[in-house]
Amino acid sequence: MTLPDTPEAMRAHIEREGVAASPFTSFLGLEVVRCWQGTCELALTVRPDLTQSHGTLHSGVLSSLADIVCGFAAVSQCGAVVTANVTTHMLGPARVGDRVYANATVKRAGKRQVVVTADFHASNGAEERLIVTASATLVRIG
């Protein structure tokens, strides 16, 4: 697979092939802020239908977001990958109306495996706080 050769083309590729092509990522309402050469930033606004019984963003959404953003970062550098493992550490809540920004960076891209880390921040307009750290191992398939 030939990777897109500009940041704009890569962002469009990720939006088309990663977000729009998947009913789940479309449901989440993910926005591709940037995705280029081993880094990716996604954003989402916390909605009531994404929360758990305490009114904060469900950890399943956060774990899924870790998988997605780490995968997109890997794709932007290495091409097609599948997830082998994701580890997610929840550090704090995100509430309805907060904007969650997920930033991932490829740390090592080997012949078969790609290691990516991510940090998520939640912002309510007045403050920004670290809410998740994550790491993922992905396997090249292309």
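Numbers run from 1 along the shown chain.
Glycine is no exception: its Cβ is also placed from the backbone N, Cα and C atoms.
The domain 'Thioesterase' feature in TrEMBL is assigned to 54-127.
In this model, the domain 'Thioesterase' (54-127) carries an average pLDDT of 98. Each residue of the domain 'Thioesterase' (54-127) gets a DSSP state, and the totals for helix, strand and coil are 20 helix, 35 strand, 19 coil.
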